[in-house]
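I have placed the structure first, in the form of structure tokens, so that the comments after it can refer back to it.
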Amino acid sequence: MGIPMRKPLLVLLVFLALASCCYAAYRPSETLCGGELVDTLQFVCGDRGFYFSRPASRVNRRSRGIVEECCFRSCDLALLETYCATPAKSERDVSTPPTVLPDNFPRYPVGKFFRYDTWKQSAQRLRRGLPALLRARRGRTLAKELEAVREAKRHRPLTARPTRDPAAHGGASPEASGHRK
């Protein structure tokens, strides 16, 4: 009686599967260059942003940039994380309240045509929760009125005509009436 051929073949296949998994886990990390590097950094760092060279406080190797590290050498997740900017505050972090300026804080215009009052009214309207439909309807009405005024100015006659016809009322020019006497 011999050993069935199926059992050693099954053992060999299982061994090859495990070996390939272990090799994939311990093989050197891949290299990233150009757009792939930027896309990967954006994915890893998210809202925090990233640097192409580490800030001075984080330098633990010779000052190489991320391009030299990831494009010419192997690049892994831990290395990518070192190039992320300072972490953004989490939503649960309430240690420092947001800065709120008092209403009497002096405000200075930013530009030549800056109208703080108009902006403030719009912001107050938004805070009150005025529906966008009403704001849009009011804006459309104002736009139609403005267009009507512009149209009226555009079609104004160049010379003004008298509203009454002088010949119809028997009134001729003063010179003509003076000759009748």
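Backbone N, Cα and C atoms are what each Cβ position is placed from, and that goes for glycine too.
Feature annotations, courtesy of Swiss-Prot:
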type	residues	note
DISULFID	C33-C71	disulfide bond
DISULFID	C45-C84	disulfide bond
DISULFID	C70-C75	disulfide bond
CARBOHYD	T163	O-linked glycosylation site
REGION	25-52	region 'B'
REGION	53-64	region 'C'
REGION	65-85	region 'A'
REGION	86-91	region 'D'
SIGNAL	1-24	signal peptide
SITE	R48	site 'Important for interaction with integrin'
SITE	R58	site 'Important for interaction with integrin'
SITE	R61	site 'Important for interaction with integrin'
SITE	R62	site 'Important for interaction with integrin'
I'd like to know the mean pLDDT over the region 'A' (65-85). 82
Among the disulfide-bonded residues C70, C71, which residue has the fewest other Cβ atoms within 10 Å of its own Cβ? C71
I'd like to know which of the disulfide-bonded residues C75, C84 has the most other Cβ atoms within 10 Å of its Cβ. C75
Inter-residue Cα distance where the pair is R48 (site 'Important for interaction with integrin') and C75 (disulfide bond), in Å: 20
Can you break down the region 'A' (65-85) into helix, strand and coil residue counts using DSSP? 13 helix, 1 strand, 7 coil
May I ask you to report the DSSP-based helix, strand or coil state of C45 (disulfide bond)? helix
